[in-house]
Amino acid sequence: MPTVLNGNAIREKFLQFFESKQHRRLPSASLVPDDPTVLLTIAGMLPFKPVFMGKRERPAPRVTTSQKCVRTNDIENVGRTARHHTFFEMLGNFSFGDYFKREAIGWAWELVTGVFELPPERLWVSVYEEDEEALVLWQEVAGLPPVRVRKMGADSNFWESGPTGPCGPCSEIYYDFHPERGEGDIDLDDDSRFLEIYNLVFMQLNRDSEGTFSELPRKNIDTGLGLERMAQVLQGVPNNYETDLVFPIIRKAEVLSGRDYFKADDQQKTSFKIIGDHTRAVVHLVADGVLPGNLGRGYILRRLIRRMVRHGRMLGIAGSFLPQMATVAVELMGGAYPNLLESRELILTRLATEESQFLQTLETGERLLDEILGRSEKRISGVDAFMLYDTYGFPLELTMEVAAERGLEVDVAAYEEAMEKQRERARRAAKTVDLTQGASLADLERTDFLGYRNVASKAMVKLVLFEGEPIERASAGASVQLVLDQTPFYPEGGGQIGDRGYLSGPDLLVRIEDVQKRDTVILHTGRIERGTVATGDSVQAQIDLADRRRSQAHHTATHLLQAALKKVLGESVQQQGSLVAFDRLRFDFSWPKALSQAEIQQVEDLVNTWIAEAHTLSQEVMPIDQAKARGALAFFGEKYGSEVRVIDVPGVSIELCGGTHVRNTAEIGLFKMVSETGIASGVRRIEAVAGPAVLEYLRLRDTVTRQLADEFKVQVEQIPQRVAALTSDLKQAQKQIDSLKAALATARAEALLGQAETTGGFRVLVADLGDTEPEALKSAAEHLLAKLGEGGAVVLGSAPAADKVSLVAAFGKGAVAKGLNAGKFVGEVAKITGGGGGGRPNLAQAGGKQPEKLKNALSEASSKLSGALGA
């Protein structure tokens, strides 16, 4: 039997083995890829996609990595199968035009049988059915008998990057858990017997747009060995979750829930596994700069967190528990991924905040479920059930359980249909790493950007687009997109909007309003003011210099702002987005709470101090490794090549940046923060102005304050006191109004006491209180019940708006003991008015949308009370 190894040892032995084969070890890339076509790093090869495409220089001829990955296309299988995960580590060895099939097969076999000591008789191999070379090599190099090398079709053993581009056959190594079953009638897809542990992709072909294959001039190797799967094999456990990579997290969930994983039923075990898996995913996502949100990768993180909370509740874990789970995961993986330790506080804060908000959302979901139950006559629709699950985290089982209590059923078939549609969307989104997307302008030569040194230049028109289609020429009045051979116009990027300006020629004037970059081509969008423009024309390109100066002042000010935030708040501040415009700047950053006025003042003062110190900026192009070694900040989501531009404000800030900047900070003049707000959980936004825009802002503010002073008939400096006085008066008036409404409701209630009827020894009162607001209606019901005593039963209704009904049921102890439940009672009555609701057995509220049916609802309430209490 092979030596038992822990997960860290497996990872290290793999990397050391390939280092001994002259591979360069590289660290894991971020889960947030440079590739804008992919939300998350879903494969070990993804960071090398530009290398495989020939768009970036290879970091070395041979490379080995342990790459962290997150996939959610099979999220419903997580915890239910032995080996599905959202987070996993892919160990890989890569060759960029260096070695090929023979070496890849030989080293793979040496690794699994020599280093990891897997018995050869337990290993099977698959090859692509047309790859005779691989079939022979497995027998020659590894000594495998032909019976244990299986030919398989393109679905499983031919790798494609997309409809066109690099592709090739692949070969997989499988571990046999049950060799005693013999070698006849073998199905490598039988998960109960075989586990795929190592995949070798031989990237040797290129497919063109007509589907024709040709040999690649430089053949590549892309491999992947799943760390969790190898750990399962070497540690002799029945599934990936019980390896030392995941099980310590599950152990923490055992402690918090008071349950034993090994004594749990199947559903409880699934919940334990989901929590163990998702904890690993969420700590890495947060550490890599992902924030919970409603779009893209932010939604993926939010969904994982909500699943954790839901499965924690299913295990009986009360209250907040995510930070405790995350602490175990950070300690478990921090040795291999030090950024987890560095981001520990950020991770715990983010998860605690999101968990707290979701627990509140769950309460909202419960109220929504009450409304759905209230308007459903026989069954809850599948659409509603899926909405409860997808938006509020309600499992189908919980919805069905609550519905059954009300005598309803759930349309499970429609629910499953909605779920399958979501799964299909996820599968389509994550099916492959597409190496060909975004190549629509690839046939054009790159546009040379001259804008760092020039504000004007001559240029030749290479392409004219009208409504997205290429045309030969366009005339005055047309809105067009133009591609030039060279340009001084800065294209929108890195948060900075594109330059504006003009293209001119003999009897030609084109006003340029927007400039964008598409791959290596720069598109100038504008309107032809005069003349005609055609492909091949020579034009003079001139940017609006005043606009450029404003935008570069704002861009440099943005760098200073980030440096000031890090100095005042701490290095954990991370940029989450930015906008650099002619008239303002906007900077989004990670921070869990609003800045105090003192912190805002500190940040603003620091920026203005650095401006006044007149720092001369350094703008250099250098290799990215050199830039990072100098401490230059790089940002998630930005695409960087092997050569990068570095903006250095000496002693203040150093960042990778392709934008335009002032030469000296003194050119900015002045910086003023306009606002600081929250835009999402854990994300703050600062809006500010710099340079001439500060004067415009101050003029506008001065105009507004003078108008307010005139309106209030006070001096400008007295405005705050006047506003405070008016606010105090308004609050006092509102209190008086609320008090009068409550008094009116109480008076109405007192007047109704005489209408109370005696039924079976109980005092019953059902009444309409006109347009009384819900809170006042509730107070009136409680007041009446107190007057009627423990044998009282009160149902009140009102129509506070044209499309709104409010209902309250308040029952004394005697009525409750008789079997009445205020929550169920008022919910049933509210259905008549097109609504629903619920609450406690003794006090509950409900609402409706049809005031014209309030009378019928109250009549029904009276009848139901008579029937229940008079018996």
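Heads up, the Cβ atoms here are built off N, Cα and C, so glycines get one too.
What Swiss-Prot records for His555, His559, Cys657, His661 is Zn(2+) binding site. Applying an 8 A CB threshold to same-chain residues 6+ apart, the list for Cys657 (Zn(2+) binding site) reads Gly494, His555, His559, Arg645, Val646, Ile647. In this structure, Cys657 (Zn(2+) binding site) belongs to neither helix nor strand by DSSP; it is coil.
What Swiss-Prot lists as region 'Disordered' is 834-871.
Outside the region 'Disordered' (834-871), and at least 6 residues removed from its termini, the chain residues within Cβ reach (under 8 Å) are 370-375, 759-762, 764, 766-768, 774, 778, 781-782, 793, 795, 797-799, 802-813, 815-816, 818-828.
Annotation for His661 (Zn(2+) binding site): same-chain Cβ neighbours under 8 Å, separated by at least 6 residues, are Gln552, His555, Thr556, His559, Leu617, Gln619, Ile647. A 10 Å cutoff on Cβ-Cβ distances gives His559 (Zn(2+) binding site) a total of 26 other Cβ atoms nearby, all chains included. Counting every protein chain shown, 25 other Cβ atoms lie within 10 Å of the Cβ of His555 (Zn(2+) binding site).
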